[in-house]
Structures are given as C-alpha cells and as structure tokens.
Amino acid sequence: MLKVAIVGASGYTGVELLRLLHCHPEVAITCVTSEQSAGKAISEVFPTLRSRYNLVLENLEPVRIADRADFIFTALPHKAAMEVVPTFLKLGKRVVDLSADYRLRDAKEYEAWYEPHMNPTLLEQSVYGLPELRREKIAGADLVANPGCYPTSVILGLAPLLKKKLIDPATIIADSKSGVSGAGRSAKVDNLYCEVNDGFKAYGVGGAHRHIPEIEQELSLLAGKQLKISFTPHLVPMDRGILSTIYATPTGAVSSAELLELYRAYYQGEAFVRILPEGSFPSTSHVRGSNFCDIGLAVDNRTGRVVVVSAIDNLIKGASGQAVQNMNIMNGFPENLGLEALALFP
C-alpha cells in the first residue's frame, strides 16, 4: 500500500482527495494537516467522512509527515506550498502540488503574476501534470504541478486544433464559467450566498486572471510558438463545474464532422476525455463529481469560426481527480484507480 499524506486537507480539494482515495485499493491515508483545524477529527470538519476516516488533523511539520508517508499531496494556497515542497523532495518524497507555485516554467513570469519565487530552480524540474499531454514525463517526475481548473478545460479543448495547426493562435477567445467552489473554502464577501445567488458575473476581465500565463504557456508549446489569448472567467451560482466556450478562426476550410474525427483520433484511448457526437454539447451536470472532460465541437459557417465547448468538474478533473490521476501514473498504477465514479445526476 502506498502511504499518502494530504497537506492542507481542510479545503474543498482536500476533502475531494479524501473522498476519491477512500475507494483507491492501493492507497492508505496516513496523515492529514490543517493549520486552522489542527486537533480536530477530519470527520468533525467534514461530516461526509463520518465512520470512514478516524484521522485527526495535524499541524504542518514536514519531517514528521515524511516519516509516515511515501507520497505527498500539497493542497495549499500559493506561496504556502513553495515553503514546504522543497523539504519533502529533499526527504525523498514524491509530490503532487495542487497550488499554482510550480506550474509556470519562468520565474519572472511567476513573479509578474504572483510574487518572487522562493525556489525557482524547481520550476525547471517540475512537470506540468496534464496526463493527456505529459503522461511519460509525469511517470518519471518527483514533483508534478497539478494544472489549474480553467487551464485544464481550455487546454484540453484546444490541444488537437493547435497541434495540427488548424486554427490561427492569434484569434483564440476563451469564455469560461465556474461554480463558486473554485474560489476555495475561506470566507469572502464576494462568495456569500446573497452575493452570488441569482447572479452571473464576469471577473478578472481584461487579461487580469492569474490562470492566463499558465494557459498561454501550455498552448504555446502545442502551437510551437508564443501566443496570447483573450480569456474571461465568469462566476455562476452553482457549487461546482466549469463550462468553457472557446472560439478561433480556422486556417483553412474545415467541417464539424472533420473536427470530430480529428478530436476522436487525438484523444483515442484517453479514459477521461469524452468527445460528444455532432450537434451535442457538454453540460456541467453531466460531469459533476467525475473525472471526465466532455468536449463538443461545431463550425460556425456564418462567421467562419470554430467553436469548442468543454465541461469539467472544477474540483475533480480540475483539481483533486487529476491529482489522483497523476499519482497513479507516477506510481505505475492503472490510471483510472479511484476515479471510476460516474457523474452525480441530477
């Protein structure tokens, strides 16, 4: 059994890791941490875990944690992760980090969007953990940077088109809508019920969202040249889910049927990417609670644009599920272990 620690277990991504790994036949959770809730039973913080976990949340002490775990998930805010990840690596532990701290390759880019990086050499060593694009590198990595939720939905939606150079990269527009859990579990006025319910708003408008450099970094690698995109996220009054609608101008004549054939071939054999039939488009309700990314496609012949729609659960394929998928790859387990749950519907 692989002994696993979850550092930062009292947030939404932490409890989703616990839920998913409870059904994993090769994993034993040996340690969970939370600075705010140390000393409390995890089932007290999350009643959904009653009678399934007897763990008590601990303070973050890397050496003590490493003594009891072979593998570490860090589900901490940015900056907090980079303070502890190097210690775990020095102690010989493999890590999947769910924060933004190791996703960007360029330390100057990280500083521009966040703050100065404390260990920039690790940016070059970490592997961006999108399994459908980086499976072989993930398998041999000691540190995997789990992708962000918006980037996962946009990158998977665009990868085949950019790889085959079927769209003009300069024309990409991504319009994404997310449930409120994407903002995390800490109290914020903007996320209160009365602020969110019956409303629908854009934020991070005008190229201000921190996921933009991550999206552009990975799309540029696919395109083989540097690109910039127009990306606008929106907050919708639902618990979870991301729906991204992506627009681009094709480089030549292409039909919806041809696009579907391309996407089916590109993602053939991928357990968690589902390409929908022509004329069918994703809904967040069809991936809720699952590790699937559903993708639908169309060509708008009137405007001459390609339209791609992708849907994921921001807490699963956009966070904890993808982290478990990466852990499976890193440890030679079947990729779908612990991730076979179907979507919750209705």
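Backbone N, Cα and C atoms are what each Cβ position is placed from, and that goes for glycine too.
Per Swiss-Prot, these features apply:
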- CYS149: active site (ACT_SITE)
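Cβ environment of the residue listed as 'active site': SER178, GLY182, HIS211, ILE242, ILE312, ASN314, LEU315, GLY318, ALA319 lie under 8 Å away, each six or more residues apart in the same chain. When secondary structure is read from DSSP and collapsed to three states, the residue listed as 'active site' falls in the helix class.
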